[in-house]
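K.L.:
So TrEMBL lists the following for this protein:
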DOMAIN    2-187  domain 'Glutamine amidotransferase type-2'
ACT_SITE  Cys2  active site, for GATase activity
BINDING   Asp98  L-glutamine binding site
BINDING   Leu234, Ile303, Ser377, Gly378  ATP binding site
SITE      Glu379  site 'Important for beta-aspartyl-AMP intermediate formation'
Amino acid sequence: MCGIFACHNHPDVVKFKPTALRLSKAVRHRGPDWSGSVISNQTILCHERLSIVGVESGAQPLTNADESIVLAVNGEIYNHRLIRKHLKHPYHFKTTSDCEVIIPLYLEYGLDAPKYLDGMFSFVLYDKKLDRTIAARDPIGITTFYQGRSSSQPGSVYFASELKCLHPVCDTIDSFPPGHVYDSQTDKMTRYFEPTWWDEHKTPDTPLDLKVLRETLEKSVRKRLMAEVPYGVLLSGGLDSSLVAAIAQRETLRLKKLAEDANGSAAEQNPDDLDKGEGLVGIDDDNKLSTMTFLPQLNSFSIGLPGSPDNKAALEVAKFLGTKHHVMTFTIEEGLDALSDVIYHLETYDVTTIRASTPMYLLSRKIKAMGIKMVLSGEGSDEIFGGYLYFHGAPNKEEFHEECVRRVKNLHLADCLRANKSTSAWGLEARVPFLDKEFLEVSMNIDPKEKMITKEKIEKYILRKAFDTSDNPSAEPYLPEKILWRQKEQFSDGVGYGWIDSLKDAAEKTITDEMMKNPKPEWGTDIPDTKEAYWYRLMFDEHFPPSCASTVMRWTPKWVNQSDPSGRAIAIHNDKYEDA
């Protein structure tokens, strides 16, 4: 992940530049590899870079030939090779960066440019000739992105990857809506992402096709192995991360064999071919991946308290797949000591997000220290397939589907925010195959009766079945059967049940009953309902002013009467991960 800070139409942009650089520095943890800034007219774009594709040439902000277009991007464009190849008009690229394709797309399609991108991204583009700024965020909001304004400068608009860049200069901050593009010429947002499944009241009826479901996810994982740096996989031992790891391992072994067969030989590259996407990392028209593998084995990573369910299951999966697995354990004290830093990086006080993010934040530091810059992760599956245990309470398929759509739409305020900011805190990038546009189009249009949880069908039954090879003895299994059919653990539960209990105990000692009766007046109606939530809100307030609270959403389950969002609190949860 990279970091962006930008201001459109500042009244004294040259004088503002030192402040802009200081604010951009606040997200340098996201992009520790290089910093850049460009002033054009009254607009400034700043960028903190994490180099993964176009490592040697892709420093930002990017510009076109006459420097009339300036671009700052945070993200990965998985179809950049295809875009280069199929542009309507010839365009000479300055770099091999996947993100540079946004410039010719803007020149050809204007505000519709984001529609042609397949990836995770947030960007700010300035058109000097038109004195126009456009900004956009990926369809689901995998990358974090915010927009701010200052009442003292009503003509200025600010953009940043994180809140901490904006609150010193803005008194109004909003989470930039996913799937939208902003245009300074109209000062309006326009939705560009309009998938067929977006209306939650329209219940789909597409018949289930397990082969299509499986192959689309495999394609999604393949896309996300595009890299010029060492990569790995987060492996909790649950279904979602295990499937991603299994597919990634198959692709890595295939690439390794191709490299061995080539025996180090490579055709000499014609520079003109780069403009057509030839010789670059990424997928081509035939969905074949070109990437760079630096490590002899795929590295996988898990974290938990000593004896945690996740670490135990992850070791079994890693042994089965043949990945080089790294187990990290953390103590309760280490987790509690990190809480304030976690909340600073997450920029939220949501209980579920903080519980799950703390282990992920600790693990990301270890991963980055090993030289890994990118990891694949399993976020999004539970929202798509109704995998959370509370979905057992869905009364019918219509409400089941409505809740799935609602959850996917809010991912940018929950699991995507967690995955992005927990890893970016240490300059690590997380990619999420389940949130691929094509995979969402397939999976969200399946008749929800197929996703419903029954006595005969465990949660995410169709996803498990799509990768179940037990009826084909000649097929190589993706996962051990007991992992494929393991019950859902929320990440904060799976790292060890003692983690959540310790958080509650610590909050009980810190927050008094008197404090609960007298919440801060500036909290308005957003009153914490537990001592743990109250504790997190106090820590949030230490880092951020009240104006930032409007960007926070609390994660709560539906159809169950409980205030605790832990999956373990659901009555049907099985506390044991059995060896048998």
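Cβ coordinates are placed from backbone N, Cα and C, and glycine is handled just like the others.
Because TrEMBL annotations are produced automatically, they should be read as predictions rather than curated entries.
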K.L.:
Would you count the other C-beta atoms found within 10 angstroms of the C-beta of Asp98 (L-glutamine binding site) for me?
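P.N.:
A 10 Å sphere around the Cβ of Asp98 (L-glutamine binding site) contains 29 other Cβ atoms.
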K.L.:
When a 10 Å sphere is centred on the Cβ of Ser377 (ATP binding site), how many other Cβ atoms does it contain?
P.N.:
25
K.L.:
Check the Cα-Cα distances from Glu379 (site 'Important for beta-aspartyl-AMP intermediate formation') to the recorded positions Cys2, Asp98, Leu234, Ile303 and tell me which is shortest.
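P.N.:
That would be Leu234, nearest by Cα distance.
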K.L.:
Near the residue listed as 'active site, for GATase activity', how many other Cβ atoms are within 10 Å of its Cβ?
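P.N.:
The residue listed as 'active site, for GATase activity' is surrounded by 29 other Cβ atoms within 10 Å.
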K.L.:
Fill in the CA-CA distance, Ser377 (ATP binding site) to the residue listed as 'active site, for GATase activity', as an integer in Å.
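P.N.:
Taking the Cα atoms only, Ser377 (ATP binding site) lies 18 Å from the residue listed as 'active site, for GATase activity'.
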K.L.:
Using Cβ atoms only, which residues of the same chain lie under 8 Å from Ile303 (ATP binding site) while being at least 6 residues apart in sequence?
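P.N.:
Ile303 (ATP binding site) has long-range Cβ partners Asp310, Asn311, Val327, Met328, Thr329, Phe330, Pro359, Met360, Leu362, Leu363, Val495.
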K.L.:
Greatest CA-CA distance (Å) over the residues Leu234, Ile303, Ser377, Gly378 that the record ties to ATP?
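P.N.:
Largest Cα to Cα distance for the ATP-binding set is 15 Å.
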K.L.:
Determine, using Cα-Cα distances only, which of these recorded positions is closest to the residue listed as 'L-glutamine binding site': Cys2, Leu234, Gly378.
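P.N.:
Nearest by Cα distance to the residue listed as 'L-glutamine binding site': Cys2.
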K.L.:
Could you round the CA separation between Gly378 (ATP binding site) and Cys2 (active site, for GATase activity) to a whole angstrom and send it over?
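P.N.:
Between the alpha carbons of Gly378 (ATP binding site) and Cys2 (active site, for GATase activity) there are 21 Å.
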